[in-house]
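**Q** Following this message is one structure expressed as structure tokens.
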Amino acid sequence: MIGQVLSNDDWNRYKKEGFLVTKFGSLIDYVINWARSGSLWPMTFGLACCAVEMMHTASSRYDLDRYGIMFRASPRQADVMIVAGTLTNKMAAALRKVYDQMADPKYVVSMGSCANGGGYYHYSYSVVRGCDRIVPVDIYVPGCPPTAEALLYGMLCLQNKIKRTQNI
């Protein structure tokens, strides 16, 4: 069908069946998701010892740059937020404010036991029991602190999740 001239009857039939729109829409989705997944720009929100492992992941041994992952300091330039460490009640408002400043589409990676569910400080009165109560989380990376390999695997899972989404 590619390269052929369609008659009006064929065009109306394909248009009614949604063939052209569906195929073109899925191609656009594929290209957009491929570009988004290959150029993730995370912003670090390091609150505790997990941030050290996040820096370790960005170093030359694991080299996130080869996956298209480059850290940004400003939330306006980032599309991924990595929350690493214990989130307190006072810090929750700042986390939400930074999340709201990020450009769409935005993704959140919760790194470590403290960010996932409060961790060791779960029963403290001043600790939020998981950053998913403040912002929507896409990927959870377990561990206390999680290894650099675990964060790298989490980022690769996020890339695969982005590739599977449908935009149109």
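The backbone N, Cα and C atoms fix where each Cβ goes, and this holds for glycine too.
According to Swiss-Prot, the protein carries these features:
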- C49, C50, C114, C144: [4Fe-4S] cluster binding site (BINDING)
**Q** Which three-state DSSP class does C49 ([4Fe-4S] cluster binding site) fall into?
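**A** For C49 ([4Fe-4S] cluster binding site) - judged by DSSP and reduced to three states - the answer is coil.
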**Q** Please list, in sequence order, the residues in the chain of C49 ([4Fe-4S] cluster binding site) that are at least six apart in sequence and whose C-beta is under 8 Å away from its C-beta.
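**A** Correct list: G85, P145.
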**Q** Could you tally the C-beta atoms, other than its own, that fall within 10 angstroms of the C-beta of C144 ([4Fe-4S] cluster binding site)?
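**A** Around C144 ([4Fe-4S] cluster binding site), other Cβ atoms within 10 Å: 12.
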**Q** Note the Cβ centroid of C49, C50, C114, C144, the recorded [4Fe-4S] cluster site, then list each other residue of that chain whose Cβ lies within 8 Å of it, in sequence.
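**A** Going along the sequence, the neighbours appear as A48, E53, A84, G85, T86, M111, G112, S113, A115, G119, G143, P145, P146.
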**Q** If you run the three-state DSSP split on C114 ([4Fe-4S] cluster binding site), which class comes out?
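**A** Going by the DSSP assignment, C114 ([4Fe-4S] cluster binding site) falls within a helical segment, counted as helix.
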**Q** Sort C144 ([4Fe-4S] cluster binding site) into helix, strand or coil using the DSSP assignment.
**A** coil
**Q** Write out the long-range same-chain contacts of C114 ([4Fe-4S] cluster binding site), meaning residues 6 or more apart in sequence whose Cβ is under 8 Å from its Cβ.
**A** L47, A48, C50, G85, T86, L87, Y120, Y121, V127, C144
